[in-house]
């Protein structure tokens, strides 16, 4: 009854108006699962490869080749297989692709099928997706990291860092955490308007004002927090995504907005200064993706008082994560399903992190869709943290709203532990 009888891929558009892959997987019992695949702007060099068409159509970004692979080779391989055996299905697609980075069939094609198989199987059992993937122990709601000021590759402004996030560590529930964030978001908008800055939003729904430095952005956020009546550090903490690979050139970190360059030692000292000066509890990609020595220095300097997250460093890849664990680089991993390309490999990366005492944070991409899969995945894996953008744009709010629903479904079983960083 749960055997795959059809797979239909199609080209749809993501939140940036670029083509992406959507997949329907149909089972013999009549149910189907549908998933749409996200896409990143600042992508790590070691990520699985999404297949694009090239040529003039959609300025080269079409995904008809990936769709053809889904409707052809992949369906031929998976037709008749049992959707309940996620690992075997994912391994079959990896073997069919035959490359180390999924470049032949495309990680976007493979991932769309992988996620849709899980959704179809969950429906077959009559279970919510988070319960199907995570079992009976899935009841931890994530602390959201809300990206309310955008810079770097996510915005057209001089700010070098990519994301400035608020984290409602003192909220009693996930629903209240969303309220805290929304109130600060709208207060920040008023502050920016009063100061003469534009309030257009970037790819992830955060504001993209023409600020010059990280400190300027953080100070605006601090004012917004206190203006709402919240206590910085106690109720609302701050997080940064430096995306430092984007401005790492010739072994230097080139801050164009500030007009200065920092070597590795100076970069470590600068980030340590920010952590000492503000209630910053998490920094993502503080060093460049291949600056392993810099990562080790940063972890030794502030890893005991700040979550240091590897995104471009680890790219949701268990092998790279194990290298980092051995070296003592970072203490957490960002999990993006499209960086690795299958649900099974994603779950393996999370398990590898947890076994080593590293935290795992589930994340969206800057090019998103209305698909809320990562909301369920966060609860399923008890990761306890999620990055899914600001309090604007329906592609971001789809995930927050799904988490509110999950919290409601869980009832008295639901737990929200905003103060994870104090444990």
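Even glycines carry a Cβ here, placed using N, Cα and C.
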Site co-member for Mg(2+) according to Swiss-Prot, given 241, 284, out of 203, 311, 312: 311
Candidate from 175, 189, 336, 399 that Swiss-Prot assigns to the same (2R)-2-phosphoglycerate site as 162, 365, 366, 387: 336
Recorded (2R)-2-phosphoglycerate site residues 162, 336, 365, 366, 387, farthest C-alpha pair in Å: 17
Nearest recorded site to residue 366 ((2R)-2-phosphoglycerate binding site) by CA-CA distance, among recorded positions 204, 284, 311: 204
For residue 284 (Mg(2+) binding site), the three-state class that DSSP assigns: strand
Cβ within 8 Å of the mean position of the Cβ atoms of 241, 284, 311: remaining residues of the chain near Mg(2+): 162, 163, 240, 242, 243, 283, 285, 309, 312, 334, 363, 387
Cα within 10 Å of residue 241 (Mg(2+) binding site) - qualifying recorded positions among 204, 336, 365: none
Count of other CB atoms lying within 10 Å of the CB belonging to residue 162 ((2R)-2-phosphoglycerate binding site): 30
Among 204, 284, 311, which are recorded as recorded positions, the nearest neighbour of residue 336 ((2R)-2-phosphoglycerate binding site) by Cα: 311
